[in-house]
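As written in TrEMBL, here are the features:
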BINDING   86, 89, 120, 123  Zn(2+) binding site
BINDING   97  Fe cation binding site
């Protein structure tokens, strides 16, 4: 389905591209304060997820973060990777390094999401 490229979508996309890391809805709201309401932001972010433009990450702090998909294909839209949240600046990054583990016999992996918290290079 073709979707319209609205000013709200354009603004949120520009924020995500400029950030070069995952942003919380709360942070996006602060950046566009007075330009669009919370419901519009929520709808745009969820539409981006549905369209495979972003992925939504539930962090260990209970907030949802949104990150652009960089190497996703329509038939291979997986985000089984670790995420790093800096305790200093709150920056959230997708770690692209491959992490492997083995499940017990008889188990089948559907999805995995893991968090690492600590301090980034700038805050360490």
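Even glycines carry a Cβ here, placed using N, Cα and C.
Keep in mind that TrEMBL annotations are predicted by a computer and have not been checked by a curator.
Each of 87, 88, 90, 91, 119, 121, 122, 124 belongs to the same chain as 86, 89, 120, 123, is absent from that list, and has a C-beta within 8 angstroms of the C-beta centroid marking the Zn(2+) site. Recorded residues residue 86 (Zn(2+) binding site) and residue 97 (Fe cation binding site) have their alpha carbons 17 Å apart, per Cα-Cα distance.
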